[in-house]
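Enquirer: A single structure is presented below for examination.
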Amino acid sequence: MAENKYIVGSRDDSDFTTWTAAELAEKIHAREISSQEVTQAHLDRIGEIDGDIHAFLHVGADEALAAASNVDDALAAGDQPTSKLAGVPLALKDVFTTTDAPTTCASKMLEGYMSPYDATVTMRLRAAGIPILGKTNMDEFAMGSSTENSAYGATKNPYDLERTPGGSGGGSSAALAAGMAPLAIGTDTGGSIRQPAALTNTVGVKPTYGTVSRYGLVACASSLDQGGPTARTVLDTALLHEVIAGHDANDSTSSSHAVAPVVEAAKQGASGDLSGVKLGVVKQFEKAEAFQPGVLETYHANLEQLKSQGAELVEVDCPNFDHALNAYYLILPCEVSSNLARFDGMRYGQRRGDDGTRSADQVMSLTRAEGFGPEVKRRIMLGTYALSVGYYDAYYLQAQRVRNLISQDFAKAYEQVDAIVAPVTPSTAFKLGEKVDDPLAMYMFDLFTLPLNLAGVCGMSVPGGFASDSGLPTGLQIMGPAHGDDRLYRVGAAFEAGRS
């Protein structure tokens, strides 16, 4: 098979795009290489291949190199690194506000919009000395599972340019897989970090709800959205998790709970030993109808590997998971219809038809009609209907009751096990255009990831190998209890070590 030029190559001392973030940080901090060299190497890689992949919506070369220069100058002056990742560049999903780059959420509604403030995640990255290479492509307002809902064109999977990298954060994961960035930030509302990670052979973590600030994260569904770290190794992901997590007074849903010791856990897991660890296998997931045979085969091989590493597998019964998809796709549109009401053409973003002949209502209507894409409109309509008089109790409140039962299922499971393992997706990456006209088929792709968001607990996707029938990447999902994020990293790092 011919070598795929779009996939990051094997480790090469002369090519910084093949190094892990931990390796880059060590050498930058020892002043054996410079952050500017590393950042430029990744900018060159973006220039070389992103025209074909379209992972980035905006590249900020000057800003990234200036940030890298600041790190190099501080180290040369004898200062200590401002974080364990200082000098290592990163790709940021275009749903976090930035003062020096547009924040579009991949929507025409926010085309060219410049935020007057940085998101807390953005501020923490800057304070940590991490150069931001640019803003990555996504499904519009984080609504979708393929990045095809972007108003600026789909991102392509580096493993097969005819296929999706997943969504909504396909741009961040594609950038990692292609060696355009060693680190990236995503958001996960129903699987938007974990699902692209699985389809691109990368690592993605959805932290416990409330542990990464949502201040400056443009809201899709406020009770479900959570920013999180992505990278190519479990340790790199843990190092980034440590940078962005922690209480934030600007976010009313921010948790004051101490950040879990994720880096320590990743290092502990690197031994590969899982003796004494109990892992739950969800009974309901085994009977999913939409499984691609190669994905199920790889998943069962992953379970055997975990057993060989000393883990005990325990079947757990989560009966309400069968209703998670229905509950999620009621709760999410309801929150979407409320959150996106602010995009009215009056205060910020696009304004259409304001020629002096139309009323404010007409301008607002035209702005929303032209500014939002089909999937966003679909979810606004669904949510508005479900919240309307006469339907609120039957739909929204009932979905919230199911959500509570799903949380109880998780709580009961974690009384028996330390973590739960599951597939991430029912199939490997599908072809672009294959599901775009079938929203229900697209929604089914989130079957294994969204229960976790409804419960507010944490989860990871770690590379699980390649499916025998498609030759494409799969992911193993590891789920932990609230504030048990360190368990993900211990099990994930051990599984990663066992595979290598």
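Keep in mind that glycine also has a Cβ here, set from the backbone N, Cα and C atoms.
Grabbed the feature section from Swiss-Prot, which reads as follows:
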{"type": "ACT_SITE", "residues": "Lys93", "note": "active site, charge relay system"}
{"type": "ACT_SITE", "residues": "Ser168", "note": "active site, charge relay system"}
{"type": "ACT_SITE", "residues": "Ser192", "note": "active site, acyl-ester intermediate"}
Enquirer: I'd like to know which of these active-site residues, Ser168, Ser192, is least surrounded, judged by other CB atoms within 10 A.
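Expert: Each of the active-site residues Ser168, Ser192 was scored by Cβ atoms within 10 Å; lowest is Ser168.
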Enquirer: Write down the Cα-Cα distance for Lys93 (active site, charge relay system) and Ser192 (active site, acyl-ester intermediate), rounded and given in Å.
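Expert: Approximately 11 Å lies between the Cα of Ser192 (active site, acyl-ester intermediate) and that of Lys93 (active site, charge relay system).
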Enquirer: As a test of the contact definition, list every same-chain residue at least 6 positions from Lys93 (active site, charge relay system) whose Cβ is closer than 8 Å to its Cβ.
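Expert: Listed in sequence order, they are Lys135, Thr136, Met138, Gly169, Gly171, Ser172, Ala184, Ile185, Gly186, Thr187.
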Enquirer: Look up the residue listed as 'active site, acyl-ester intermediate' in the DSSP assignment and report helix, strand or coil.
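Expert: DSSP call for the residue listed as 'active site, acyl-ester intermediate': coil, neither helix nor strand.
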